[in-house]
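A quick write-up on the structure given underneath.
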C-alpha cells in the first residue's frame, strides 16, 4: 500500500481544506497557494504516488478526475474562456506531494506552457 500523504488527511477531513467536490472516488479542493484566479486540485481518494504507479484498476477513478474537472470548470466560470489541467510526475516534473493530483488552473490568461 502507498504511503499516507497530506492529501489523505484532507480526504478524511482531518485537516482543514476548502473542499469543492467529494465523492467515493475523488476529492477536489482549492490550492492553498493558488497560481491563478482559479486553482483547484483534483485527487483520487486512493493514494497513487505518481502517474508511473497507475494501474488498470485506477481507470475509473482517473476518468472521474476529468469529468469532475469539466464540472468544476463550468461551475467556476472558466470553461468557456479556457483553463489548463496539469499533472506533474516526479521531481523533474515538479511533483511535490506524492499523491497523484490534477491542477485545474484558469480564470486569467495563462501564457505559454514552458519557457524556453
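Heads up, residue numbers simply count up from 1 along the chain you see.
Cβ from N, Cα, C; glycine included.
When the candidates 45, 88 are compared with the GMP site entry in Swiss-Prot, which names 30, 31, 32, 96, 97, 101, 102, 103, the shared residue is 88.
Swiss-Prot assigns the feature motif 'Histidine triad motif' to one of the listed ranges (99-105, 106-112), namely 99-105. Of all the Cβ atoms in the protein chains shown, 24 others lie within 10 Å of the Cβ of residue 101 (GMP binding site). In the predicted model, residues of the domain 'HIT' (6-115) average a pLDDT of 97.
Each of the binding-site residues 30, 103 was scored by the other Cβ atoms within 10 Å of its Cβ; the lowest score goes to 30.
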